[in-house]
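Undergrad: Straight out of TrEMBL:
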{"type": "TRANSMEM", "residues": "39-61", "note": "transmembrane segment"}
{"type": "DOMAIN", "residues": "57-486", "note": "domain 'Major facilitator superfamily (MFS) profile'"}
{"type": "TRANSMEM", "residues": "114-135", "note": "transmembrane segment"}
{"type": "TRANSMEM", "residues": "142-161", "note": "transmembrane segment"}
{"type": "TRANSMEM", "residues": "173-190", "note": "transmembrane segment"}
{"type": "TRANSMEM", "residues": "202-224", "note": "transmembrane segment"}
{"type": "TRANSMEM", "residues": "230-253", "note": "transmembrane segment"}
{"type": "TRANSMEM", "residues": "294-317", "note": "transmembrane segment"}
{"type": "TRANSMEM", "residues": "337-358", "note": "transmembrane segment"}
{"type": "TRANSMEM", "residues": "370-388", "note": "transmembrane segment"}
{"type": "TRANSMEM", "residues": "394-414", "note": "transmembrane segment"}
{"type": "TRANSMEM", "residues": "435-452", "note": "transmembrane segment"}
{"type": "TRANSMEM", "residues": "464-484", "note": "transmembrane segment"}
Amino acid sequence: MATMTELSPVEGESKYSQDMQVDKKLIPSKVPGLCSTRYGLALILHFCNLSLVTQNIIMYITMVAMVNSTDHQSQLNSSTEGLPIDSFGGPNNTPKSLPARAPSYDWSPQIQGIIFSSLSYGMILTLALSGYLAGRVGTKRVFGFSLFVSSLLTLCTPLAVDFGLTSLIVTRIVHGLSQGSGFGGQFAVWEKWSLPHERSRLCAIALSGMPLGSFTALLIGGFISQAIGWPFAFYVFGGTGCVFCLLWFFLAYDDPASHPWISTSEKEYIISSLDQQVSSFKEPLPIKAIFRSLPFWSICICSLGHYWLLTIIIVYTPTYISSVHSVNIRDNGVLSAFPFLCAWATGILGGCLADFLLSKNFRLITVRKIATVLGNLPASAFIVALPYLNSNYITTVAFLTLSCVLSQFCQAGIHINTLDIAPRYSSFLTGVSRQLSHIAYILVPMVTGFLLSQDPEFGWNNTFFLMFAINLLGLIFYIIFGEADIQDWAKERKLTRL
């Protein structure tokens, strides 16, 4: 009778440890670099991420134009509690020139908070599941379908608003489900496309579309809302998403072997470089081992602190500029968007710098921790300093820009660390870590709204200090327990018949 015996791990398998070095002699001279298929895939994903993020945050900038400014001009649009009564510097400092053709609504700050949070409720349900599905059925299907549904629901948002508040909230929840599938389901593609010595660059190019999306939404959204009405902001970004969705389905493929236009040299090089990391068969998830792994939990906890920082920057940058410096919706969009343009360039630069340090014999875990520290500690410190600046808004924007720029170094740190510790299961691990991190998107509006309403004088100080404390605790946990070796439970195990 045949029995199955598990041998662990395969003898002679390359460790791919944190001391991994690249043997340049193994790189064929004819394998293209920046003009290669793998970099083209990163560029496509870059623009798809741009589209997803614009659809994700456009409500935050259009809400200023959507609410009835007569009743709620002095309250916070992005919290569940609201700002002090003079948050916009008085009744005469609110946006005045909204188009007459665009309807406005009598939504209290509490209702606005529910509208904002509803998207996160949907996202948090699908991030881990989509990562698992992408690892099983392919990133092309999961991510492409998610982008299409997200774009379609963005186009339908003005119609949902016309049907009533309940219709809008339900649409936002379903929209969140598709957004979560997009953000959680895209990382499986790098299990089969990213070479170890190019991983930081490829992921950075793809992920840098997110800050560029924030820049686009904050900049263009304000102009569209003021010029032709807030509904057209949803039409523009929803339509753009449909275009990128078509490009994704035509040009993206799950692995080099199935790509019809990739060169033979590049295909063979990628496949041979990853043959020890990519499993030849579908392995069951080692759930118990994953959730007992301190390196994995260090990624989750540090990511939660970083997402708390990003939520403060993305959601509350427009509100802070409006409340402290009393600028209108158009200027608010320009000032809020500028830091994300700088962050876009920094994200790509950080990935290139990480791979450069690896080529100079830096240990992989050292590079990941350096990037994570740079993306958390200085960025949160600049935000904490904002309430103590008694100068004009240019200084405020400078500090916000520095914070936003530095935060992008985490793209070469914790955000891709799952590819180091468990390449075979990285899509699922990334989905789980992002799902836990997105708790910040739900908690930040509630906690910040409460702090701002309870203490009008020091509300911003308390908000920023809390953000700094959470960020610092997560960073310390990651520095202590973070690793970059492939974990024992993530190595391929060979089944043999006796």
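Just so you know, glycine gets a Cβ as well, placed from its N, Cα and C.
The structure displayed is predicted, hence computed values, not measured ones.
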Undergrad: State the non-local partners of the transmembrane segment (337-358) in its own chain: residues 6+ outside its ends, Cβ under 8 Å from one of its Cβ atoms.
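TA: Here the qualifying positions are 20, 22, 197-205, 207-208, 211-212, 214-219, 313, 317, 364, 366-368, 370-371, 374-375, 397, 400-401, 403-409, 411-412.
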Undergrad: How about the transmembrane segment (464-484) with the transmembrane segment (370-388) - do they touch, taking at least 3 C-beta pairs under 8 Å (6 or more apart in sequence) as contact?
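TA: Output yes: the transmembrane segment (464-484) sits against the transmembrane segment (370-388).
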Undergrad: Could you tell me the mean pLDDT the prediction assigns to the domain 'Major facilitator superfamily (MFS) profile' (57-486)?
TA: 83
